[in-house]
Every structure is written in C-alpha cells, then in structure tokens.
Amino acid sequence: MQPLCSGRGTGTDQQAPDPGPRTEKKPRSAEVAAGSPAVFEAETERSGVKVRWQRGGSDISASDKYGLAAEGTRHTLTVRDVGPADQGSYAVIAGSSKVKFDLKVIEAEKAETVPGPASVPAPAPAPAEAPGAPGEALASATEEKGGSSSPEGSSSAAPDGSGAPDDPIGLFVMRPQDGEVTAGGSITFSARVAGASLLKPPTVKWFKGKWVDLSSKAGQHLQLHSSYDRTSKVYLFELHITDAQPTSAGGYRCEVSTKDKFDSCNFNLTVHGEGSLVSVLGSGDSHEDAGTLDFSSLLKKRDSRLEAPAEEDVWEILRQASPSEYERIAFQHGVTDLRGMLKRLKGMKRDEKKSTAFQKKLEPAYQVSKGHKIRLTVELADPDADVKWLKNGQEIQMSGRYIFESVGAKRTLTISQCSLADDAAYQCVVGGEKCSTELFVKEPPVLITRPLEDQLVMVGQRVEFECEVSEEGAQVKWLKDGVELTREETFKYRFKKDGQRHHLIINEATLEDAGHYALRTSGGQALAELIVQEKKLEVYQSIADLTVGAKDQAVFKCEVSDENVRGVWLKNGKELVPDSRIKVSHIGRVHKLTIDDVTPADEADYSFVPEGFACNLSAKLHFMEVKIDFVPRQEPPKIHLDCPGRKPDTIVVVAGNKLRLDVPISGDPAPTVIWQKTITQKNKVPAGPAPDASGDAAASDEWVFDKKLLCETEGRVRVETTKDRSIFTVEGAEKEDEGVYVVTVKNPVGEDQVNLTVKVIDVPDAPAAPKISNVGEDSCTVQWEPPAYDGGQPVLGYILERKKKKSYRWMRLNFDLLRELSHEARRMIEGVVYEMRVYAVNAIGMSRPSPASQPFMPIGPPSEPTHLAVEDVTDTTVSLKWRPPERAGAGGLDGYSVEYCREDCSEWVTALQGLTEHTAVLVKDLPTGARLQFRVRAHNMAGPGAPVTTQEPVTVQEILQRPRLQLPRHLRQTIQRKVGEPVNLLIPFQGKPRPQVTWTKEGQPLAGEEVSIRNSPTDTILFIRAAHRAHSGTYQVMLRIENMEDKATLVLQIVDKPSPPQDIRVAEAWGFNVALEWKPPQDYGNTEIWGYTVQKADTKTMEWFTVLEHYRRTHCVVSELIIGNGYYFRVFSHNMVGPSDKAATTKEPVFIPRPGITYEPPSYKALDFSEAPSFTRPLVNRSVIAGYNATLCCAVRGSPKPKISWFKNGLDLGKDARFRMFSKQGVLTLEIRKPCPFDGGIYVCRAINLQGEAQCECRLEVRGEEKPGMKLYQAASRFWCAAGLQLFTPVSQ
C-alpha cells in the first residue's frame, strides 16, 4: 500500500513535489453549515491504491448519506445534507498510512460569516487549477522565508509519472535533479531505486565534489534519510540540507551499488545570496564542522578573470605535507588517482626536519576503548619550555577529565573516562612548533540484555515492543521484515528511549502491521513476531433463561473473550436503565444484570448487546406465581411446584454460583420439611441364579441407594423453612453437590414428597501437556488428549498458546476454537526454543492451561552438500570429497552419511557406521569391478537433508598411471647442509598402483642406520638425523610400476668448518711493518675458502686484535706497529660454515726495534722495480646457477700498474652495463649480474704495462633451462659484435 501523500515545505523544511500534473494533499478539518454537503479529498502517490474512509473507528460505505469516489490518485468523500449527527472525527486509511480530520457543523446563520475550507456545494476542482489552493499559499510562504519550492530543488520522477526508470539499465527510478535555494533556506534531494529485483537493500552514498563523503558530515544542518515502500518495492533516499550557506553550493554526486550493479548521478546546488547568485565554488579556508556544511577549504579556487598561477610541484608539496592534508591538496591540484598518488608518495623519500623543540613527538594516531583512560606523552628538548594542548584547534583547560603532568622533559596529557566526544585531533604546541595526533575512541558493541517478546493483538489495539540493551542512550535501529523503520513515519510508529530500554509503539494496529520486528544494535539483534487478528468476540458463557418467584433475585450473567468490551442490556428491545432494584456490573470478562425483588412486571426478554460487534445474547425471565387454594383445617401437606407429572426438570447450576431451591408448601397443621440427598453406590454382587429363577444368570452389578439428611440452618449448605415455603441454599456450588434431592413434608394428616435433580456444570479440567512432532523450519505439529473431565458439558474446542522458552509472555495462536486434537503451528523463527500449552473450552468457559510441552526448536533440514567428487579409486576402495551445504540450519550440522548402490539396483547400502564430521571419506571393502552410485546427506537436529549423488556410476577398479617423480625446484641443484644438521628430503610422486621406490647412492643401495627412507602412497622421504661428511654424494631415487619407471638424481653436499692455515711464518720485518706468509688449509670443509682473518697480539697484554678480515691472499703486510713492542700473529681460515676452530700462530714474537739516537742514512743501491705483469692467482673455472650474481676473481702484480681488460669469447666487456670490474690492491674482480645460460663461455683477463703483458682465462658454466629464442639472440649478438656494436643481454628472471 502506498502512504497518503501531502505537500511538504516550510521556511526551513521542504520537499519538492513529484513531477506530473498533480498536487499531493491530505484532507483537512472543516466547518460546514447545516444542510450543506461536505467534500473531503485525499490524494495518493499511485493510482489503484485501496483507500478506506472511517468515522469513529468504523468503515464508511457508499450510501444515500455518503458518497465515495476515486479517480486515478484522487479519492473523494462526500457527506450529503450535513446535520449535527454528522459532526465528529473522520479518518482516511491507505495501507499503513492514516490521516485524521474533523467535521464541525455550524448553524446556517453563522455559515454566512464563517466560511468552511472543505464546505463547497460541489466537488472542488483540481488543486492545481484552484486559484486559492493551499499549495500556492504554501509556496508563497516558503519563498518569503528564504526557501525554494521550485522543482529544481529536488528530485523528479519519470515525465509520465508512471515511475518508469529514466535509464533502462540503471538502478535509479528517479534521479536527483539540480536545485536552487536562497541562503538560509532548506532543500531536499530525493533518489528512488527499484528494489523488486534486489535481494538486499542497495548501498547509497552521497558525495560533494569528488572526494567528500557526506555521511561523515551528517549533523544539525545535513541529514540523510532512507525508507522502503513495500507495495511499489521502491527505495527512497533523501539528502536534506537545512540553513543552506554559500559554501553549500557546488556539484554533488549520488552513487548506488548492489552486489553486481552500480549507478551514479551528478547534480548541482545553487545558493542565491542577497540579490546575486553565490559562486558554485566558494572561497575561504574555514574549518570543517560536523554540523555545518562548509566545503570551501576542499574546493579548487577558479577565477577566469585571474591569470593562471605559476606551476607548482605538487609532489614536493605532498612530500612536505602531513597525511591529513593529502586529500585537500589532491583536490586543489586535480589529482584524480588518489590510490596511485599514495603509492607514489610511499616510494618517495621524505626529508624529515629535525625538531628543535621535541625530542620525542606524539604517535600519528592512538586508539582507546570508550570509558578507558589514555595518556598522550611528548618529550621536550628544553625541560623548562611551556606547553599548550589543543583539541580540534581549541586549547584544553585542566579539569577532572583532562590532567596535565610534567616530569623532567616529559609532558603528558591524561584523558580519563574517554567518550565519543574525545574522538578528535590533538596538538601539543611548544613555542612556534607543534606535533599532532588523532585519537580514535572505539565504542564497545551494544549487547541485548532482554530480547523482544512476541505479541498477538486485535485490529485497533495498541502494540508496544520493549527491549533492553547493555548501554544507556545507545543508537539502535528498528526494522520490520528486514526494512528499517524511519522516524518520518511518526503518524504510524513512535520510538521511545528510557535509559537502557527502547520502545516501539504502534497506536492502532492494522493487519498490515503483522510481521517480524527486529531491534538491531552494533552487537546483535532481537527478533519478535507480531500477529494481528481481525477483531472477533467469543462468547464463553451465554445468559440462560431464569424462572424465579416473587420477591426473589434474578441474575443474568455472561462471559465474553475481551474484558475491555462494554455492552448494553435491553428489555424487550429497549435499553434497560439501572436503578436501586436493577443493577448492572462489569468485572473483567463477566457482565451481570441483577434484578432484586422480582415482580410480575419483570417477566420479559432480556438481551446483552456488546458494543462494536454484531452479537446479541438473549434469555427469558419467567415469573413463577404461587397459587394457594383455600385449605380447610386438617389439610394434608402438599408441595406446590409448577411441574406437570410431579417430575421437575433437572436444575442446572454453574460451579461457583449460588444454588437456591425455593419450594412452596402448604398444610394444616404446619408440616415438617425433610431434605435428603440420595447417595448412589455401585456394588459387585456374586452372580448366580435366583432360587425361583428359571436358570438364567442374574445381573452381576446392582445399584445401592442411600440418603443423607440435610438439616443445617447455617453454613455453605443450609435449609430454611417458613410456614409457606422451604428454601434449600448452596453457596458456591461444587461437583459434590450434584445429585437427586428428596423433599418430604409431613403432618398428622399425611405427607408429600418430590425429587429434585441438581446438575453442577463447570469448566473442563486442564488437558495433559501437549506433544510436539514433525518439527520443521518454521512449523510443528501439536497433539493433545481431551481433558479427563469435560465439566458436565461437551467440549466445544481448544485454544493453543505458545511462548519463547526464556519469556513469560504466552501468545494465542487461534481465535476460532480448534475442533480437532492436533494443530499445525506455523510462523515460528528458526533457531528459537518454544513451548506450547492448550486450553479446553466448553459452554461454561475455558479450563486452566495444560502443563507446558517439552521445549523444542524449529529447525529445517540442511540443504544438499555441494561439489561431490570422486578423488581416488582402487580395486576395493573409493575416496570421496565434498563441500558443506549452503544452508546448515540454526543448530549446525551433526555430520554426514554416505551410501552407495549398484547401477542396476535401487537399494542403498550404508557405507559408514554412524555419521562423519569430515568432508572427505574413504569407502572400503567394495566389490572389485562393480559400478556403484554414491550419495551423501547432511544431518542436523531436524534430520537428514536432501542427498547429492555422483553424476555417473563409479567403476571400482584401479586405474593404471605412469610413475612420475615431482622433484621440487630447490632439490634440482646442489643440496648443501652443515655437519650435524638434519637432512629431510621429501619428493612427491604419482603412479597407480602404488609404485615401488628404490634409493641408491653412487649406484649402490643405501646401507646403515643413519640414513632412513620413509615411503607413503604419494611421496618418499630421505631422512638423516645428523649429517656427516661421509653422507655427501650423488643420490638416485627410482619409481617402478611393472615395466615402467622414473628416476631423479640429487646431489648432497655436507660442509664443515675448514682446518687452520698451514706453515705461517714472518717473511720480513721492517720499520713499523711485518710481512706474513702461510699456506692454504689442508681441509677446505668440502666447500671453497671465502678468505682469511689476520689478528695480532702485543706480548705485554696478549689481547688479540683483528687486522684483516675476508682477506683472500696467502700473504699480507701488517702495518702501524708500535716500536719497541713484540707481536704474535695468527690467521683463521673462513668458508660458508664459518671460521676454523683453531688458528695458525707464529711461534716466536716479532720485535719492532727502536732506532738509534743518531741517524745514519743508509746507502741504497738504485734498483729498477719495474716488472712485467704476472698473475699471482689465476682465474679458475666456475659453474654457477642462472639468475644469481656471479664473480670471477684473480690477482695480478706488475710495475707500473698494468691496465686491465676483460673479454668474453674474444669480445671486450668494458662497455657492457651488465658486467662490473673492480680492482683493489691487485685483486681483480669481474661481477656478472644475474647470468643466464648464454653468459657461459671463455672469460679472459688481460693485464698490460710498459714491461709487457699477461693474461689468464677460465671457463664459466651457467646452469639453467635455455629459454626459447636465445639461439636467435646469440646469432644476432655475434653479427652485431662483428659489426662493432653490442646487443643488450636480457637478464634471466
């Protein structure tokens, strides 16, 4: 149903009307002259909407008095010939919308001076054509206050008004349009989104400009609203701007997105100032505020009259700015790729200026939970400096929550009991320098401490849902059937907060209000169901006919289902007016009419008519006349009862009521009255023929009657006797009072006797606890047994109630009595525990409730598992795997069952005993060669779900698969391990049936306990707990299946520390220098030597100091020794494992002599130190891995210093950027960056000086797969090299 539409718009609040030639309006209260017609009009948003008109809560139908008309979206109510009786309250209802209005009738003389807005002699013209229509007056008032009522200020629908979307492929049914507003006014932009095909509500975002998300700016002057129309299935989203400012002008964007669709729309807002149009792009650098819509500081300033500013380096600005300014700077300089900008900034090095005021600044951000304490600490360079703390630019004053501490150079701001108001930017200012941080206050989730209760109400009753949460004043959302209830629907829903309690109130419930209501918080949600039933009145006890005598009391009593129903008592169709003798009472559901001192005039038909229901309860009052004939003296006693045949009818009394038997008597002298009650007992008598019987068996049971004398004159059961009557009274009749009463009157003349049968009827006993069966996803079957005692009246039906287990509120499930002994209850929530109880109802009333049933949980069976697949098949087993079902149910899964059957059979055999929790299973002991179908079911509390079956039968026969070793990449190169480390080599393989695995070393089978082999169906493992040098070598693993095999080779190298160098000696000592020489170590540790470490120690202290590290030669010169001291020297050798455990040490110390007091310059012989180049350490052949940097090293000597050149296969490498040459103290190094297999070849190092030349060469082998196209590259390289050019060598990835 569409809600009623009415025009909206005031000086501060307006909403633009929908397009099309129509005016949305609602009926208004009116004053109409008596005798004139009154016309009320209402207009809905869509045509075809069912509209109801009511007066005083009752529906109005078309008649001579009322005229109802509907034309498109316009609906009219005409009240003809208005009179005083027509005055009152009226209402119009469309769906869940209800609008009330009043009709006031005035005299004809006053009508001339008091015009009625809705009183016209004929139906009013269309509002758009009426010269004085309220819409025009409203628009004028809006313009005077600064608002705007033009359609440009809001969204518009399709031009034809049919609601068709403008864009057939978009999501918008109605897009927001450009708008204008006067400064200080208000405007609303609306967007409508089609929701018929959407499973979930769409996500809508509003932006200003390119970057600013308006959801973060919502406050006093900007609100975002959303609602959902269940009839048209259209979502309405609104952006409302109040007190518009010049800074509000600009471009806006609305984006709507769903799971697989996206749509957006741009629109502009123009704000008019005093006589001029405010620029779309405002100026100024005002601060942003959550309550004021001021985006001027984020907008780029443009002025066509000004010259373009000088170009600025935006990256330099961003590099020096703080991260909080990135968005503003990017917007000003037109940077649209914000993500790319941040990525580029991350790679740039930012120049950090050393702070002169702070030694330690604040962290960029802090986070604290709500209610906790946070400490912000800085450390100053000057301990005596003054500090100011700012929050959002405002200075913080010390208070109970803000505490300033100063300890030495540290300054601390402590914030206790943090709230959401403390979520802000903080600054610490020292002189002209400041440091900033942001504090994020994390709000704990709001939990639900008391859930909602299910409710069942009648139409028109008030509904109030109440829920309690863990935090006072928490923000919550109310939803109905998954759609949020907005505060705009104040005429329908009312929201109330009372501390931690939240209330949802529906004043007058309608059938459309039925559904599931939820309260959602940040920590969960509470769900309850509202059931609205048509208002029906059920009569539990009707009034019964009465026969009373003169001066007696007559009581008519009835009981109805609603204790709030009032009614009227009628006598022969006329309303009965209570007086001192006639009393009317209403207590709960019971209505009584009491007539004291009955007279013959009271004999009539009495009726009770409930107000608002077409129901009439009638009964008749009979007056019993006592006729006393003239009795001569010595008259025998006689009982005067108006009952033919001396057999009065059974007297029926309701349990709990008063029983009074008034028996007139006569006799002279006055007779004695005796009341007796017959007590009936059933006794067993031995069966046997009577003495004079003819041989037939006599009856085995016979009834024995006894009589109890009733003579008390006081108490609950009493007898009162006067001269002309005897009265038997029972206060509060009970079941034991039922039976046959004998009244006997005696005097000397004779006696008389009458039997009176009394039957006591009551409500039935409570039935036994109902039983629950067939529990489904939202339903169950409830069964019960009839009550043991029906109360003396047949059971008319049963009433069923249910409640949540943790609740105290029982909700009735049926209003019409259930005739059967079972009922299917529906509309329950899956996963919630419920209880049931039942009432029995007879003509007297409703029994006490039965005990509650056993608690049960509605839960549906799970859906079928998904992606069932056969993983492996052998001669006797099949391996299956699957994924969990999409819907498991509220209680979770109990497990899975697996079954199989033959292809030509329909009997399924259980493959596993019980249920399995895993999603993979191995089915064993299957017949070889059989073709089987497999199926899997998921089980939960509700039972098994639907099965999923293999698509095709599976043949139980192992498939032959060639053996194949899947050697990992890291095992394809030399495997190096240190001595003592474990070796664990895992090699996966394939093959069926299971292949035979064989390991060998150097062609010989593996032997010894130190090397163990572990095989599985899918891999093999070589394991050595502690490796030794003897474990180094070439290993081969082989797989064999019949005559098929596969091999792989692994090279294992166990490395250890090297031995110390050999034969260290002092070759020469001069001045402050000592020359040392030594030989390489005898044991390299099964790997190459990386260098040597040379250390010295003074003979006085014997503390060793390192002189050279990573030294690669076997001779060196130790300089800068102290004259007069003696020194020891030692050398360690290094490899990849580490230094040698011992060092080679000189045996004797070397003494550095002091020079004499007189200096005698020595005579030197002129020597020629020139020397031709010679390589003291030539190049060695190497084998390297492709993709890893490699180096070639050699050592050369010569004087003068020779010129070094490097060649590869005869080509000079001096100009190739991939090769780097180093020369340091005669050590020559060629570094090859990431070589590829084509970098292998003959490398030559050539040294040339004036004395001659020398060269050495080596072969470099690069291991790795050759890439396609490299042969062509080599040929091209040779061609260009022959031409004197060099081709760029691709780097191997």
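Note: Cβ is positioned from N, Cα and C throughout, glycine not excepted.
According to TrEMBL, the compositional bias 'Pro residues' annotation covers 118-128.
Look at TrEMBL and you will find 129-168 tagged as compositional bias 'Low complexity'.
Sequence annotations record features per position, and here TrEMBL assigns domain 'Ig-like' to 21-102 (among others).
The domain 'Ig-like' annotation in TrEMBL covers 168-270 (among others).
Under the heading domain 'Ig-like', TrEMBL lists 353-430 (among others). Per DSSP, the secondary structure of the domain 'Ig-like' (353-430) breaks down as 3 helix, 40 strand, 35 coil.
Look at TrEMBL and you will find 444-538 (among others) tagged as domain 'Ig-like'.
What TrEMBL lists as domain 'Ig-like' is 637-757 (among others).
Residues annotated as domain 'Fibronectin type-III' in TrEMBL: 766-862 (among others).
Annotation source TrEMBL lists domain 'Fibronectin type-III' at 864-959 (among others).
Summarising the annotation, TrEMBL assigns domain 'Ig-like' to 963-1051 (among others).
The feature domain 'Fibronectin type-III' is assigned by TrEMBL to 1060-1155 (among others). Here the domain 'Fibronectin type-III' (1060-1155) has, by DSSP, the following mix of helix, strand and coil residues: 0 helix, 50 strand, 46 coil.
The domain 'Ig-like' annotation in TrEMBL covers 1173-1261 (among others).
Among the features that TrEMBL reports, region 'Disordered' is placed at 1-50 (among others).
Secondary structure by DSSP for the region 'Disordered' (55-74): 0 helix, 10 strand, 10 coil. Residues annotated as region 'Disordered' in TrEMBL: 55-74 (among others).
Among the features that TrEMBL reports, region 'Disordered' is placed at 112-173 (among others).
Relative to the domain 'Ig-like' (353-430), the listed stretch 444-538 leads the set 21-102, 168-270, 444-538, 864-959, 1060-1155 in CB pairs under 8 A. Below 8 angstroms of C-beta separation, residues 22, 41-47, 49, 80-81, 86, 88-91, 123, 126, 460, 612 of the same chain, each at least six residues beyond the ends of the region 'Disordered' (55-74), sit close to that stretch.
Against the domain 'Ig-like' (444-538), the recorded stretches 168-270, 766-862, 864-959, 963-1051, 1060-1155 differ in Cβ pairs under 8 Å, and the greatest number is found for 766-862. Comparison of 21-102, 766-862, 864-959, 1173-1261 by number of C-beta pairs under 8 angstroms to the domain 'Fibronectin type-III' (1060-1155) places 1173-1261 first.
The DSSP breakdown of the domain 'Fibronectin type-III' (766-862) into helical (H, G, I), extended (E, B) and coil residues amounts to 0 helix, 32 strand, 65 coil. In the predicted model, residues of the domain 'Fibronectin type-III' (766-862) average a pLDDT of 90. DSSP assignment over the domain 'Ig-like' (963-1051) gives 6 helix, 53 strand, 30 coil.
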